[in-house]
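The following features are taken from TrEMBL:
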type     : residues : note
DOMAIN   : 4-69     : domain 'Golgi pH regulator conserved'
DOMAIN   : 139-278  : domain 'Abscisic acid G-protein coupled receptor-like'
TRANSMEM : 12-31    : transmembrane segment
TRANSMEM : 150-172  : transmembrane segment
TRANSMEM : 205-228  : transmembrane segment
TRANSMEM : 240-260  : transmembrane segment
Amino acid sequence: GILSIEQLISRVGVIGVTLMALLSGFGAVNCPYTYMSYFLRNVTDADILALERRLLQTMDMIVSKKKRIAVAHRTMFQRGEVHNKPTGFWGMIRSVTTSVSGSENLSLIQQEVDALEELSRQLFLETADLHATKERIEYSKTFQGKYFNFLGYFFSIYCVWKIFMATINIVFDRVGKTDPVTRGIEITVNYLGIQFDVKFWSQHISFILVGIIIVTSIRGLLITLTKFFYAISSSKSSNVIVLLLAQIMGMYFVSSVLLIRMSMPLEYRTIITEVLGEL
């Protein structure tokens with residue numbers, strides 16, 4: 001029926017799974033780009049000093065041109081060219097020959113100031129970016145930075161493998177019968193030829209893996225939604241955005257339960273399927 005759990009969860013799951021796919025795609029690109037030293041450009045102290053020197057020179061030029069504009073305005077005010085309008089025919093001729101040329105120079109200088117201010121903004125942003133890159137280079141030399149660099153390469157390969165396998169599963173309409181943990185343990189045991197209780201340990205390791213996936217994925221979602229909330233919220237729209245994020249959170253959790261079945265052993269996967277329906 002329309003009000004059955006299977007029908008409701010299937011409709012909620014469409015939005016939730018789409019959201020998970022978008023966040024996973026963003027994370028798959030952003031995480032290696034953030035932590036892998038391969039994507040870091042070489043930034044030296046000399047580059048930062050040269051850019052800061054250009055920024056200071058631009059600021060000096062802006063100040064000097066604004067001084068010229070202020071001096072010109074004061075001179076015009078002292079001559080009475082600002083408040084005293086010229087009267088008579090000869091007054092109009094004098095205003096054309098003197099004031100017009102001065103106003104044209106002032107407008108030209110103001111255009112130069114506007115262009116220099118835009119240049120100073122761009123230089124400031126580039127300087128801040130260089131400082132952030134320099135900090136990332138220093139961080140990549142630490143033990144934690146090297147650890148995250150290794151994880152970046154590992155998960156990049158893992159991401160490509162998942163895309164490849166997902167494409168094959170969609171094209172050939174395949175459904176995995178064995179969870180990744182059990183399959184990995186079986187391959188390792190057969191390769192090394194050691195005695196190992198695959199069924200017992202696969203249950204525990206799968207349980208730990210599923211817990212890690214749930215915690216990290218929901219934590220990542222909350223961090224992303226918090227940044228989104230700070231970016232667009234205001235005193236008038238905050239309540240609406242909080243309600244929207246609560247709805248998204250519920251959809252995300254239901255979708256996590258739907259998709260996490262593939263990381264569980266078959267008997268536990270069957271239990272979740274009986275509760276949620278044949279989705």
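Residue 1 is the first one shown; counting continues down the chain.
Cβ coordinates are placed from backbone N, Cα and C, and glycine is handled just like the others.
All annotation found in TrEMBL is predicted automatically rather than curated by experts.
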How many helix, strand and coil residues does the domain 'Abscisic acid G-protein coupled receptor-like' (139-278) contain under DSSP? 117 helix, 0 strand, 23 coil
Mind tallying the domain 'Golgi pH regulator conserved' (4-69) by DSSP state, helix then strand then coil? 59 helix, 0 strand, 7 coil
Mean of the pLDDT scores, which run from 0 to 100, over the domain 'Abscisic acid G-protein coupled receptor-like' (139-278): 77
